[in-house]
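Take a look at the structure below.
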């Protein structure tokens, strides 16, 4: 059967690709049917035949036959794909008469198909694709080769309503392509040219829209016109909006007609988003007229929440569009409305609508409303941050001396506070949740949407609390009373209330916070005693833990409370309900980090520091915890011990702290001394892994002083490492590499890995490089290097490489002498694991380049000391790195190369021979990634490296001839070298293009941003021919812009008390 299939496929392919005979349209239809309805081999054959045909340079000459005679819609779509391909990729090289022919054909086809209203409805998708083809042609042709396009399309529109409706769609698509999606698709110059052309000729388009809106009775046409207008509103000259009848037409004629109300409201929202000062009167009119219409369509006493839940799609969309309109208008022009006394009432009505819409049970709508409430609260706070009502204990009356704008919004903001408290989203720290079935369970998947919503709500509530925290406190206290007396008791109500209480940490005066929290915690502890049932207790426990974790300032100031809370957490550590123990450990570690000093001091009324009590009872506290919870617990206690400044006391604490794990460790080591086979026992190996994990977490928290514990187990630990390595190698030799997947072998590897993590973790926190280099490094190298080299690739631990990188980064010059030994053991054998492809051994890959980077940055002389053959391998591996598809590896590779070039330039003796051997090679490889689409994210780094290299040449830093065979001036040689390189890679480029590009590489190499733009425009030119998507060329800018926005936002947040979660605040600002 497959043989027959192949013959048929060959026959079909031969016949379809034979351009000397007429196209067999039935055969093509059959092949397309096979693709869509066939299976397996048949489908694959069809795919191959169609791909071959599509890639044929003359395929486009068959498109007219396909579109005219095929009865199969999918075949027609296939024909259009061929056409789109030729327009995007080969238009520039087609003879003019052929371009004109295609253009005429497409226009004729669109007119024919869209002039018939029944056809328009029936063949909607087909016409949509034809329209897109025309827009692709326009991007190539208009305005230069088709200056009359706008007047052509406007003129044709007046001949038939159904043609006009489709032309509106074409204009909408053109607007989107030019104004919304042009960045990176076309060169900057061309994009500007198209935008200018469109603005200059807009009056004809606008007259057409106006004509339709005023005269047409054809509802679908009017709708299409409004949709098109909507796309224009963000770029057209403002006179068309504010100096015509457009606004009143939209409001009076279309807003109250159900079919048009959504698109009209969207248009009004787009207009409301314009921020200019010279049209205040028009904005007032827009607002008052829209509000009048709104009150007729949706009276102020409507229960919008109910209306939304019972509404049809169209009605629900209207409420969402209404929220967007109000949010946009009030954000942009709210202050204008405040200033006009005659508009106060309308402003209050708009706010009333916002409150009603905010109650709708639909997260997307709530997010829109939240954006406005956040904006309003932040603006009112920033206007006068220090006029927050003074402490009510000090001021007899509640609202004295309130700024007038706050006074205006007083009652609205109180309702918004209630709304935020009742709807607060779940914070990240809360692990105990109610699922869809109404069961209380532990949450395993973090919901990022919900976390972001929480952050925005939290920020809004913090601002609202600053504006009037007496009101906030009254609302929260009242709701808490209703939980205790049972009138509002439910898991959901308790949760949202407690999440809201936790979210305003830092926003009250300390005295008020204390009074408020004492009430809250007492009430919640009482509720915990009062309620029966495990689920109830779990929910209340999770809320107590969340709140206490959010108020470290309060806990630091009130020792008795801190102690009560920590003892309560120890109680919860025995509570086996899903998620409660996890949350208890997480909250304990947070409190330990923020209040660490308080646990190592003797507090008033205590006989010893609390840390001693914890260590005395450690066994009882952790007896019901799972291993990973024990590790978290140990890290938490480690932070406390790290805060003890007396070295002798601290060493004594560490000994006591590590007593339990050390007892088990000593017993295993003793047994192993008598019989080494104990290290093949699964239970024993598992225990060793867990003990080492405890040490790793403890070391992370204690830091350098952990040396006393590390020294105690160090040599035994390295012996265990060697012994387990031999066991693993023996098992692989006996049973092959598959054995590495077995549980016992995996446990053994865990012990090796945790050993390396412990050592690297301590080294990175140590503060005496010489002591580390002399005492800890030699036995480590002895245990791990030869073992790594001898192991089969699958059994090599990537942590060996990361540990070496950490040691080099930390010890710098102290370790230079050991680099050759390290390199001998790990370099070549790892390179052979990763240079076959870009995928295998991802961790070794990343760590290998981190090690190279460390040596390059801190021990560069060691590079110059290794033999030339090995140095060539180093360079090859750097080139291999920056060609990687794994972005982190490619970035590291570029970083290493740039540092290497800068380091080499400092070494007079080595530099010239390096340039002679490698300079042109490096240049060639960098150009190969610059022009590769999968590497556009590295454009800034590519630009920096190339600019640096061209600068070296231009400034004569390279004295040795780069072309020994024909020693001309290096600058001229490199100009020719690069030009030839590019011409052979991209033969379609004109000589003038290449020359201009190469000249720019020299003239712009002092200005990195300009150099990068120069590269980017060149890439657009290459891609336009190749017909590739160019949107990714701006990937890096988008990332940078986002990062900068994030940093700006963080700075702003730091300045408002309570905006940052207490655990995001740097340590020195807290304790």
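For all residues, glycine too, the Cβ spot is worked out from N, Cα and C.
For the domain 'Importin N-terminal' (46-112), the predicted model reports an average pLDDT of 92. If you look up Swiss-Prot, you'll see 46-112 marked as domain 'Importin N-terminal'.
Residues or ranges marked as phosphoserine by Swiss-Prot: 391 (among others).
A simple way to gauge crowding: the CB of residue 446 (N6-acetyllysine) has 9 other CB atoms within 10 angstroms, across all the protein chains here. In this structure, residue 446 (N6-acetyllysine) belongs to neither helix nor strand by DSSP; it is coil. Under the heading N6-acetyllysine, Swiss-Prot lists 446 (among others), citing a large-scale study or a structure entry as support.
Every protein chain shown contributes to the tally, and the Cβ of residue 448 (phosphothreonine) ends up with 9 other Cβ atoms within 10 Å. For 448, the entry in Swiss-Prot reads phosphothreonine, with the evidence type similarity to another entry.
Taking Cβ-Cβ distances under 8 Å and a sequence gap of 6 or more within the same chain, the neighbours of residue 450 (phosphoserine) are 425, 426. Among the features that Swiss-Prot reports, phosphoserine is placed at 450 (among others), with the record citing similarity to another entry.
The phosphotyrosine annotation in Swiss-Prot covers 454, and the record cites similarity to another entry as its basis. Less than 8 angstroms from the CB of residue 454 (phosphotyrosine) sit 424, 425, 426, 427, 428, 499, 503, each of them six or more residues away in the same chain.
What Swiss-Prot lists as N6-acetyllysine is 693 (among others). Residue 693 (N6-acetyllysine) counts 22 other C-beta atoms within 10 Å of its own C-beta, drawing on all protein chains shown.
Taken from Swiss-Prot, the feature phosphoserine applies to 1031 (among others), supported by similarity to another entry.
Per Swiss-Prot, the feature region 'Necessary for interaction with RANBP3' maps to 411-481.
Residues or ranges marked as repeat 'HEAT 1' by Swiss-Prot: 217-240.
Residues or ranges marked as repeat 'HEAT 2' in Swiss-Prot: 241-277. Taking Cβ pairs closer than 8 Å, the repeat 'HEAT 2' (241-277) reaches residues 206, 210, 213-214, 219, 222-223, 226-227, 229-230, 233-234, 283, 285-286, 289-290, 293, 296-297, 314, 317-318, 321-322, 324-325, 328-329, 332-333 in its own chain, all 6 or more past its ends.
Feature annotation from Swiss-Prot assigns repeat 'HEAT 3' to 354-472.
Among the features that Swiss-Prot reports, repeat 'HEAT 4' is placed at 515-553. Cβ atoms under 8 Å from those of the repeat 'HEAT 4' (515-553) belong to residues 427, 429-432, 434, 439-440, 473, 476-477, 480, 483-484, 491, 494-495, 498-499, 501-503, 505-506, 508, 561, 565, 568-569, 572, 575, 577-580, 583-584, 586-587, 590-591, 594-595, 1061-1063, 1070 of the same chain, restricted to positions at least 6 beyond its ends.
The repeat 'HEAT 5' annotation in Swiss-Prot covers 560-597.
Taken from Swiss-Prot, the feature repeat 'HEAT 6' covers 602-639. Within the same chain, residues 559, 563, 566, 570, 573-574, 576, 581-582, 585-586, 588-589, 591-593, 596, 653, 656-657, 660, 690, 693-694, 696-702 sit at least 6 positions outside the repeat 'HEAT 6' (602-639) and bring their C-beta atoms closer than 8 Å to a C-beta of that stretch.
With helix defined as DSSP H, G or I and strand as E or B, the repeat 'HEAT 7' (775-813) counts 35 helix, 0 strand, 4 coil. Positions annotated as repeat 'HEAT 7' by Swiss-Prot: 775-813.
Sequence-distant contacts of the repeat 'HEAT 8' (885-916) (same chain, at least 6 residues past either end, Cβ-Cβ under 8 Å): 838, 842, 845-846, 849-850, 852-853, 856-857, 860, 863-864, 878-879, 922, 929, 934-935, 937-938, 941-942, 944-945, 948-949, 952, 957-962, 964. When the Cα atoms are compared, residue 446 (N6-acetyllysine) and residue 693 (N6-acetyllysine) turn out to be 25 Å apart. For the pair residue 693 (N6-acetyllysine) and residue 448 (phosphothreonine), the Cα-Cα distance reads 29 Å. Under DSSP, residue 693 (N6-acetyllysine) is assigned to a helix (H, G or I) in the three-state scheme. Using a Cβ-Cβ cut-off under 8 Å and counting only residues 6 or more beyond its ends in the same chain, the repeat 'HEAT 7' (775-813) has close neighbours at 714-715, 718-719, 721-722, 725, 728-729, 732, 737, 740, 749, 752-753, 756-757, 759-760, 763-764, 766, 769, 819, 821-822, 824-826, 829-830, 832-833, 841, 843-844, 846-848, 850-851, 853-855, 857-859.
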